Each structure stands twice: as C-alpha cells, then as structure tokens.
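TrEMBL annotations:
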- 896-923: disulfide bond (DISULFID)
- 1-146: domain 'F5/8 type C' (DOMAIN)
- 152-333: domain 'Laminin G' (DOMAIN)
- 338-512: domain 'Laminin G' (DOMAIN)
- 514-551: domain 'EGF-like' (DOMAIN)
- 550-602: domain 'Fibrinogen C-terminal' (DOMAIN)
- 757-923: domain 'Laminin G' (DOMAIN)
- 924-962: domain 'EGF-like' (DOMAIN)
- 980-1169: domain 'Laminin G' (DOMAIN)
- 1212-1233: transmembrane segment (TRANSMEM)
C-alpha cells in the first residue's frame, strides 16, 4: 500500500476555487502545515471540488482526511468522483448507492475509510457535502493504493482478435477467461468460440447488459438441450471500465461482473467445451458459422484479456496473434465525445437559442427510470412548448395563446423509462410540428399548427426556472441527458461548466450517476423488481412469498405446524425451508388425534396393467412422478419421523423377485436413483416380500407369492431414505398368459422433527454456540419459545461488525426487542405484546432484515417495521460467534425454544444441547409426546417444564380430563342451558373450537351418565324454536325411552329399551348419535344398536333452543305425553358427563367461574355419581412428566414445585410402612370372609355376585363390575382417600 497523494507536486492538485493565496489545492496534503494548512474554496457551497491527478491510472484502496490546520475549517461529509480523462466522471458507489463518507469533526483528527472495492482511475475528485457551520470548507487528504499498468486495445466495430489454438480442436474441461472493457455502445460481441459438434461460448453486450451463452453439447436425439444463457449487469454502456471473469469446471460456472458473482450450472449432460481452431475477442470472425452471424462487433476498449493463462493483450503487442482485421491497431482508448448532464429532482439547465425565429428545433438523448418528468420547456412569443415524459411516453404540449388559447398535444414511444438512452427530436416550423423518438423516421408523429410560432430563445432542460409570467410545473426530471442540440447546433456544455454561456442549478456536469437498483435483483423467489430513480419495490404476486423483498413465505413449514394452528385435514401449501431456495408445494395433510400425516400423491392409477415395453428383454418401465421436485420431496422425508409407501403387485404367470435364488425380475428405483430389490413388507438388503418375512407365502419354498405365479404381493415400504418410489421395472411379463398389475400408493410421512427440534435452558448463564453460519443480504430468524421468566436474551451475534440481538424484556408489559447494525447505523424494532409472554405458553417470534426494512412479528398478530438506511447494506456476517442465549454477560433466556430457523435452515438445538451444560435436550412434557393423556377431548397445553390439559370444552375435570362432573338432583331440580346465536358445534366439523354452526342440525351426539331409583322421569330434553325436540326419559317400569320429533310424522319416533330396568340405583352410561336418519345407541358395555327414522321423518333438528336436565320448564307447545307422564315430580338422582356436540351444560351449571347461558332451579349437589373412572395406562415414573412422590398431587408441573430428589425421606418411609400394614390387614379380612362363606356351605358358581338382587343377568354384571361401586345414597357425599 503506497501513499499516492503525498509524493505528487503542487500542480497535481486543482480545485473549483481558492479562498486565498495560502489556501491553494496543492496544500491539501495530510498532516502538512504549509501555506494556510490546507485547501479552502472561495465559496462555501455545494458546487466546490478538489481534484487530484495521480499522473497515471492507479488503484486506490483507501482515503484519509483532516481539516485545515489549526482552524475551524473541516469537511464532515463528502463524496468521491473518479475518471481517466478528466471527463465523464463516475461517483464512487457502495452497496448500489452513491456513497457518502463521514468526514471530520475537528481540524486535526484523521479519519480513514477503506474502499469496499478499489477505485481504478487517474483523476480523483473530492466533493464536500457538509462542513463545520462555524467555519468554512477545509480539507487535507491522503489517498492509499498501488500502481497499475495494462495494455489497452481499441476496437472500432470491425476489429477482431483471433487467438488460434495450438491444435485444431480443443476439448476443454476447465476454463478461466477474464477481461476488462469500456464502451458507449449497448450491443457488441466481446468473446466468441465454437466447435463443429455444436459447442460454443459467446459473451456479448445486449441492450447494455452482459450475456454469457454456452453450450457443452446436446445429445444425438436432441431430447437434452445443452444451451444455457445467463445475463448480468446493466447500464454497461456508461464509458467506464467493467471487469469480467468466467470460471468453468465441467458444468459448473462462476460468472463475475464487477465483483458480483453469479454461479450457475449448464444444461445438458456433457462436461467438455469442444472448440475448433480459434477463439475471437471483439466480434465474430468472418469464418464463423452462418448461425453465429448477424451480431454487432464490439466498439470500445479492452484490457487485461486472458484466456486459460495466456495474456492475449500482451500477445497482441508482441504480434503473436492474428490482428489483420484492425485498420489501425492502437494501444490507447479513444475519448468519447459525450458530455452527459445529471439531473436530480431540484435541478435545471438553461441554454440559449435563437430568438424571434419562426422555426424551433431541439434534440437530445435521455435516460431515466421514472415514467414522468419534464424534459424541456421554452417560452414562445405567444405561448410555450413543453416536451415531457408521461407514462413512459414522450409527449409534446404546444400552447398558443394568440388565438383562443389553442393547445396541441402529440406523443410517441413507449416504455422509455427503462434506463436506456433514448433520443428525442422536435421540429416546429411554418404550420406543422414533427416528433421523432429513437431515430425511427417511420414512427415520426406530425401535427398541424394553426399559426406561425415565434421563439424567445431560452430553453430549460430537466425542470425550469420559475417565472411570474409562465406556468409553474411541479414535475421534475431525474436522469441524464447528452447530445443536446438547439437550432441544429450541439450545445457547448463545457462552456456552460466554465460559466461562459447558460446557467444551471443542482446539476452535475460531465457525469451520469444513474444506478440500476434492480441489478442484482434484490426481489427474491422470482419477485419482479420495479424501480424509480430513488428506490425500488418488489411485486411478489404469484411467488408464494411476501414482504418488501419477497423474502417471507406465505405458508407454514409442515402439516405439523398447520395442525398446531388448529387447522383440519385437507390440502395445504407448505414451505419446509421458509425463506430458503425450495419453492412452496401442495400436499395433503391428514390430522389424526395423535399424529399428523403428510401425503404426496403420484400419477400412477391403482391396479395399473403392465404391458411389455417392446425392448429386446421385454421389460416394462413405469415412471412415477409426484408433481414436485426431488429437493421438495427430500425436505419432507429428511425431517419426518417416519415415512411409508404402499406397493402391490397382482400377478398371474408373472414372477416378482424370482426368489429364493434367482436374479430379480422386478425392481424399483428410489430417491437416490438406486435400484432396490425388496418389496413392501420387507426391508433393505432382503430380497423378499411380506409373506417371505412372515413365512406365509402360498409356496413355502418361495419368498413372494408371485414367484409362485399366484395371487398378490403387497405391503409397506418403510425405509424412508429410499422413498419415494420413482420408477418400477417389471421383467417377467412376456410369457404366454402373463398378467401383472401394479399399485404404488402415495408417499406418506409422519411428523416433523424440525418443528419439534428443541432445547431447554435451565440456567440464565447457559447458551448454545454455533461457530459457523453463512450470512445473506436478507436475513430472517424465527423460533417458538415458552418461559415463565419476564426477561432474557434469545440470541445474539456480538463479535462481528454486524450486530444482531433478539431479547425478551419488560415486567408490566412484555416486549420483544430486535436490534441490528446496518453499516454504521443501529436499527431497533420492538413489539409490545398485549398478552403476557411469560405464561408458559408457546409464542412465536419472527425477525427479518432486508435491504429495505427490518421487521419483527410476535405470534403472527403483532408486527412492527423500521426502514433500514440506504447506506451500509452489506451481507450480515454470521460466520462466527452466533449464540443462542446470552454470552455478553446479560441474563440469558430461561425456558424452552424450538423450531429455530435462520435463513430457512433449521438450527439443531437438540443435538447441541447434548454437549452444553445448563441446556437440556427437548422440552420435557410437550404435547407431541404426552398429549394423548389428555382424555375426553381435553386439549393439551404446553408449559415450560411439563404440560396441562385444558378441560374447558369437555364434560370432565381433573389434570387429565378424566374426573366426572356430576350433580345430585333433589325433587323438582332442573338445569336449563340456552343456545345463543347458533353456538352448537357439529361433532363432524373440523372447524375451530367454539365456532358457531348452522341452527338446523342434521347430526348430534348426546352423552351422559345417570343413576336413580326414581321412575318415571325426564333425564334430558332438548327443545327448539319449532315443535322439534329430542327427549330421553325413564318409563314407569324403569326402562329407557328415546323420543325424536323432527317433523314429518304425526307422532314422535320412539326407541324403547324394554329389556332392562335402569332405575336400579346403579350408574348407567348413554351415548346417542344421530346422522340424518340413522340413530346409534350405546348403553353401558352392551353392543351398539342402530335404528332408523321413518322415511317420512325430517332429518333436520330445526332451531335448537335449550337443554333441560331433570325436568322441563318451557313455554310454547310441548308434547303433552312428556308433561303428563314424566315431568312430575321430576328426576331424583344423579346426572354426570352430560355433553351435547361439545357443550357441557351440567358442568357449566356447577362451575361458578364459567360464563355460560345456564340456570339452575332447586337444589343441585355436586357429586361424581359413582360413575366409572377412566383408566390410564401406566407410565414409568422416570418418563412421566406428572410423576411426583408426594401423594395426592393432581396439578401439572411448574418450576415452583419441589424436585423429586428434594422429598423428605422420613415422610416416604412412614408412608411406606403404613401402606404395608393396611395391605396386610385387608388380606387377612379377605381370607376370613372366604373362610366364613365356605363354612356356611354357600353354593359357588361362576356367576357374578349380586345377581340375586339384580333384575336380570345384565344388571348382575354391572352390579359386580368394580367400576360401578357406589349407590345413590353414597353418591350424595364426596369421599377423599
């Protein structure tokens, strides 16, 4: 690194002006005190500049600045321009923006900046933007870099360099080609090579963009095409140097333009580039194939051309290559005649023209991204002429006020805001006007002018100077202009710059700082980039993604995630890698109670007949496709707990695997294109079918049924790394009488390990360290968490230039805080949650940073956005020191985190927790593992170190929703539950819990238990706002009757259970389910009975109104038989577990904390009614999250409860001794009773005891069932043991 400015003579420094003799530009050297100690201009405004001539082209890598020595003069902000020839200046860009450097805050401090990319130029201009307002502009500076030398070759559009190979044909597997070019032409061939076999490589400019076309060969049938074309860059006709590097190894190519690398892989299946004779630079040689013709040769300059290690420019100078096409070979770059003018939104350029002329002639070229803007304005003696851009078309407005304010409008062109140069020529003379755009004479627009015009001679471009006697236009032009002609004379813009003619304001002369903000395209996933001069936006429609840069997926990662959002079975779009490269795709989700299945269907119909393929070996090949890519399939199988696929082969005279010793006739191909010779029901490495594994084949000597030419072989393929089946090859189908039918079922995968990949942080000082992770321009982080702590750091990246931090804060109001660095600025986003976040429930955090904004979402409901600064948009470097938790001394996250993804990649928390102190694997007690223990429709609720069951929508209570909720009804007691706004839920519906459904039910499910000695009585009565009702009653003899009145019948339809007296004081359970006209009745442990409503009966239960328990007290028409026979005195006994379509009226009446439209009349005493307890299969205490040594605990875990190892050992010992004593006493009593009965000579049978007092044998079984133990009298009390 050399000092570039210090060694230069005084004369190498020039400036826009000088404040005084000692303030000259030559004194602006770092740390120098000569003269007045630095440069200061005469005027302190935005038109000043300091220029350094480096003597020759140099590579500048850094700049350092100071203020003027011992003064109040310093520059606080500045920009840099550079050029090779003191013209066509280019601003220094960084992150696709004209970069503003932070300068000095005093006169002596040195501020140094490294260039993101080196500047290669001879002339550097320093442009002050802001300065100390108590002083003047002042600066001393130093430039750092190194020398640069290169041969430059000028191309005139006819010149072509031919580099001939040492052999006639080159078969190349690896290429490295590089060159630099500058041009003002938008089209031209830079590089060309081709071979006789159809291979070629072509690098060309097309519409000022660089396109690389390459073909490594197509196959002989033409079914695999090798042509590949990739485009990079834009606005490359700016007469500035651009560097290109092409690196190829086989089919993998890195295409680099101006430090932006675009990797891609060629089409086809070949690896070598076969070229004949030569490769050309600057155009297509005359000897090329006719198919290569029609392309323009390059006009401009090239340098540093290399091809696979050979320096072509050096070979040209040494005359070692063919340059015969050059008319005049020069090793310098011809200067361009263009003198561009750069307009911003507040600028104009005034140029003089002829006055009092009856002819108006104006032409110019422009380029812009804006669809609207004022290009030119001139006043006439009577009116004015305006040339503008309106909706991307050039429009001319001529307003002549001499006669009745005549207005003339003409327009031409379209899509002219594409950033390309477009020419405009307007002629108005005598009695007509002509408008020509882009030199297309055929499209010239002509119009008549009613009077002769008379010019005034002043022409405003890019805006205009406000005047009292002219109209005020608000539309400003943002863009560039050049080649301005007035009255057919080229305007001398150099004279304008020197102040000799014309005037301007806020205009940059001899510079076009247009920036293509859509190249590279920051709109991800195929989003369409739209831009104006100042910014860009993304159209994400049809991509499956949303956000400012189409970064965020619209879909969930898996069926598992949809289920936990409460979704039902159906077809869904999923996006397993979120913002990653895998596109969303549609799957079928089967939401079972305890598991979730993801299904991918294929194109093969069941029982597809197999026909010989006509090959010599007679084999048939069936391709199985799934309408998804292999990458999409792998995203499902790799994260699934298990996968399966059903295959079946029905055969007649068609062997399958040719077992036991022969080679297989049939095989299938899986995900990795490997051949497999096992069949459904078997496994890898075993050439058997299901019957061979189970030893039940038709022929015991064979391992498949079809190997004996009979029946069918079917089963599940379970090895998920081999799935799905992509191809089946069937061989034994050519024998006489052979028949085969193939079935390949859908791919079915269960679970999502990524969704449940979790870790528990048990110490606030614990963290997980991930040392390597790739950063991107757009970065997103998402995860689920649950905690009982009010604050803690979720994750952070603190030891790089780009800070990233997500934290939970707040005691009174919870806040999730997201902060990150963008360049030198820190962006902070906070989301205030209206609900607690430390409630031990799962919450989701989604944070995203892209080139336009930072976004934070909590629970997908609360969202905050902050704009990110335009400067400093580099990739977020997460290559080291990413911490989950806090590593910087702050309090880390305490709780459980799962499904952590960064840029679509799942972070394996579970695996990392194995080796990290203070962090445990998984979230103990989460619902995916223990949720099945929530019974009777109870909903599993995640908690930090356990789980709980939400029984609010069931008829049960208790930690597992297994405790009966019942009540004892005294004489005259009734419970009434009123339905409001159709709040009954259909049991077949999979809509959200509590969602109202139609008032006219076609299906219902009524479940309850009861015990009573009282008959007759009404157990349950469901009324409606019509005459429809359903009633369950006990008749005089204690038998059960169900009455349905749904309309269409003169009398209610009744179901009588006459063979049992159910008013026997024992608990009985009833389940009545109706679907349309089918009624199913389940009583106690008896088989289910099915009944059907008569044909004339209606199927709709219209306008359900109320549920009555124990007695009916209803207005309107009621069945008189019910009132006369069953309603007086009412039910006396116990009812429990009452539930209708998910509504629990009795529970609502007994639980004072529940808000429900329920009322009670009379005395209702809570009781479990002696109903049967539901038995839960035992679990090992080590794996049971509910296990505690303290007897009687029925509440879920929480972190405030004592640990198991902290239980008082004395208490345990005493409890154990008491238990043993009680057990011994009970055993003695049992033996004594048995002895007494034997001595009485009791008659012993296998009948259940209690049959003597039972009405029938069925009742005897129920009496002696251990589950049915309590009587009505005992049911009035609550017993706690």
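Backbone N, Cα and C atoms are what each Cβ position is placed from, and that goes for glycine too.
Nonlocal intrachain contacts for the domain 'EGF-like' (514-551), taken as residues 6+ away from its ends with a CB within less than 8 angstroms of a stretch CB, comprise 93, 96-98, 209, 232-235, 238, 260, 262, 342, 345, 367-370, 419, 478-480, 573, 575, 579, 583-584, 777-778, 780, 848, 850-853, 855. In this chain, the domain 'Laminin G' (980-1169) lies out of contact with the domain 'F5/8 type C' (1-146); the count of Cβ pairs under 8 Å, excluding pairs fewer than 6 apart in sequence, is fewer than 3. With DSSP states grouped into helix (H, G, I), strand (E, B) and coil, the domain 'Fibrinogen C-terminal' (550-602) comes out at 5 helix, 20 strand, 28 coil. Broken down with DSSP, the domain 'F5/8 type C' (1-146) shows 9 helix, 71 strand, 66 coil.
Cβ contacts within 10 Å of residue 923 (disulfide bond), excluding its own Cβ and spanning all protein chains shown: 28.
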